[in-house]
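The next block holds one structure in the form of structure tokens; read it before the comments.
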Amino acid sequence: MGRLPVLLLWLAWWLSQAGIACGAGSVRLAGGLTLGGLFPVHARGAAGRACGALKKEQGVHRLEAMLYALDRVNADPELLPGVRLGARLLDTCSRDTYALEQALSFVQALIRGRGDGDEASVRCPGGVPPLRSAPPERVVAVVGASASSVSIMVANVLRLFAIPQISYASTAPELSDSTRYDFFSRVVPPDSYQAQAMVDIVRALGWNYVSTLASEGNYGESGVEAFVQISREAGGVCIAQSIKIPREPKPGEFHKVIRRLMETPNARGIIIFANEDDIRRVLEATRQANLTGHFLWVGSDSWGSKISPILNLEEEAVGAITILPKRASIDGFDQYFMTRSLENNRRNIWFAEFWEENFNCKLTSSGGQSDDSTRKCTGEERIGQDSAYEQEGKVQFVIDAVYAIAHALHSMHQALCPGHTGLCPAMEPTDGRTLLHYIRAVRFNGSAGTPVMFNENGDAPGRYDIFQYQATNGSASSGGYQAVGQWAEALRLDMEVLRWSGDPHEVPPSQCSLPCGPGERKKMVKGVPCCWHCEACDGYRFQVDEFTCEACPGDMRPTPNHTGCRPTPVVRLTWSSPWAALPLLLAVLGIMATTTIMATFMRHNDTPIVRASGRELSYVLLTGIFLIYAITFLMVAEPCAAICAARRLLLGLGTTLSYSALLTKTNRIYRIFEQGKRSVTPPPFISPTSQLVITFGLTSLQVVGVIAWLGAQPPHSVIDYEEQRTVDPEQARGVLKCDMSDLSLIGCLGYSLLLMVTCTVYAIKARGVPETFNEAKPIGFTMYTTCIIWLAFVPIFFGTAQSAEKIYIQTTTLTVSLSLSASVSLGMLYVPKTYVILFHPEQNVQKRKRSLKKTSTMAAPPQNENAEDAK
């Protein structure tokens, strides 16, 4: 409380020195209650000058709107009957410090009322007495200002004197702080709503990476701050750069701004909270940098649907989306303003200057000399006929601000002066705090038919129209602003109406990273949530969502674009497969040959050749060869439990039986001749019965092992998805097979291969047997060839383990190897004998037998020969 008198005395002294009462320009209207008005009639002046060029729309249109509204209020018998509203309208020159000086005139009467009342102390600069000595009006409320920085400066003074203030254009969120600006209200929504609308627009366009551009000051900085805060809370939008345009930009400043924006070229969307001059100079710098069409502007209400910021810069503005508080053109004001002339509008002291500017003429010549460069005004010119005219966008809000004060005064008058016409003592003077209470309580339909009301912070509800500047027939200069949507707590944006450079119907991107393709996940860049790298879901992984890749289940493989999983195809070797053709052909031919030979031997069972071959072991060997050929059919058949059991049992049985018989034969021959070198006593176990016992004894080990395996692990078919899980998922197959691994399969053959190797060793040892003993050498050749076949089999079988055709190659290799080994035994041991039996029966005589017998006698005692003869 102690600081207020000091401040008041300081203000009184400043007023006496400032010359405010000394002819400073203002519009005055007499009335019982005076309203103040602050309008940017002139632009900010250059260095050393307070004011610059006249602002026809933002300045004169808005000022005339207040005069129009006052005329309407004063002419309304139902509103404030008996009370006439006066006015004191001042020019802020678009500068906050100058506006503060002007606004001090609103509190002049209050200061002098609290001071010593010595009006003689008021002097103009140089000691000249004031032109008017009438006491200043007592202002009850103020309409204005326009710029947020000006409103903030003025509000700090008006609140000290409890003078309510209603702005028609100030939207800075800072002004919503009722603890600091408790006497401030506005009929336009704050930028926090506007910022929310702009965030919604950015999200609707699919942008996630934008830059912000703000004019230094409360409006620009607060607007951007609100946008950044809301976008952070909403998520999904990142700020590439936040650039501030200095209040007094240096030469080249705007080129520097453009260069900075191009440091993040993917952030094409530019959120701009800037005054008209800055908007224009940014567009000019864009043109000079040859970047027309690169930036995608989203402008605040300071841009709105105005022509002045983009005049002659339409190419750079094409596609710009702008926001404007929802408004309507007031027809009554158009009729009022278009009938204004120099004769009927003398109350507006700036109207003559407007007339010259609007019609490009001069009312008087400088220095009394005629000026040939500019025509002279006739005074008969008409607005809208001899000059272009379009109602300025804030006219509606100026009118609504005046009516809000009028309605509040009316309600206050009804409460304090019931039944009284004109002002009563309770309203002389008018208490500002009481008036503020009634202002915050007003609710009426404004000049455009929309509700006018205030919340507890003095803010109006957020309602915006959304525009886009579009070219017409490919020409930007003949284009215009097209309404594309609305915002009232939620966005309604008509995407079909939007038009863009390049492809008119495709929204240009403003993203840090391009969208990932199908089957790719986003790998976020640390610290920049809107930037990412695209990582392919390779191998057997598929895209779960935009951030995650997961492996497909074991029985599935990814789709070609890796966006999902699909069943892995199941394959097996079928009867019709080309891979089965050769094995089946060999097996059929082998079985036919084996059957023919066995039948031939059985038919000629007692002939010398058959007897000399060892009939018992020959039949065992032929049976083993038959089983080897037969296994091919089991390997091609569709796997099931029975087939799998038969495979286990017969896969090694045929080879074991064959090689057991050959081993027994080879061992017998070797032992006979080795024994013959040392003694005439025959070796043991060389009789046919002994040979059969040895053969079946060796074979029984294989049978017992397989039976034990069947009991321990019952056979069944499985689909093996790992066997054909190739690097390329497109080549992956599930293999329907018996539950036998490659090693298990080789294990089935392992014992028979051991017998084969042992037999080969004996065949090598018996290679010195006399040539007349014809069984040893064919057996030797058979075993050598068989070893070569199986040596070739192993690398082929295991070398194709990762092949996409593994199931076919391995099965074919195995069956062909078995058939070839059986064919070698059949061809070398029995085909020659069968040939002799069938085609040269004259050789199948005792002589042949004698030859064999003679050979045997060389290595065996006479009694063994007799035994052979007994056979």
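Using N, Cα and C of the backbone, Cβ positions are placed for all residues, glycine too.
Together with Ser148, Ala169, Ser170, Thr171, Asp301, Lys394, the L-glutamate site in Swiss-Prot holds one more listed residue from Tyr98, Tyr209, Tyr219, Tyr438, which is Tyr219.
Topology note: Pro639 and Ala766 are separated by the membrane (different topological domain names in Swiss-Prot). In Swiss-Prot, the annotation transmembrane segment applies to 649-667, one of the ranges 60-78, 307-325, 402-420, 649-667. Neighbour count (other Cβ atoms within 10 Å of the Cβ, all protein chains): 8 for Asn290 (N-linked glycosylation site).
The recorded stretches the transmembrane segment (778-800) and the transmembrane segment (649-667) share 3+ CB pairs below 8 A when only pairs 6 or more apart in sequence are counted, and are therefore in contact.
Around the Cβ of Asn473 (N-linked glycosylation site), the number of neighbouring Cβ atoms within 10 Å comes to 6. The transmembrane segment (743-764) shares more Cβ pairs under 8 Å with 649-667 than with any other stretch in the list 580-602, 617-637, 649-667, 692-712, 814-839. Residues 582-583, 586-587, 590, 593-594, 596-597, 600-601, 604, 607, 609-610, 613, 618, 621-622, 625, 628-629, 631-632, 635-636, 654-655, 658, 662, 745, 778-779, 781-782, 785-786, 789-790, 792-793, 797 of the same chain lie 6+ residues outside the transmembrane segment (814-839) yet bring a C-beta within less than 8 angstroms of a C-beta in it. Residues of the topological domain 'Extracellular' (638-648) grouped by DSSP class, helix first, strand second and coil last, total 8 helix, 0 strand, 3 coil. With Asn473 (N-linked glycosylation site) as the anchor, the candidate glycosylation sites are Asn290, Asn445, Asn561, and the one with the nearest CA is Asn290.
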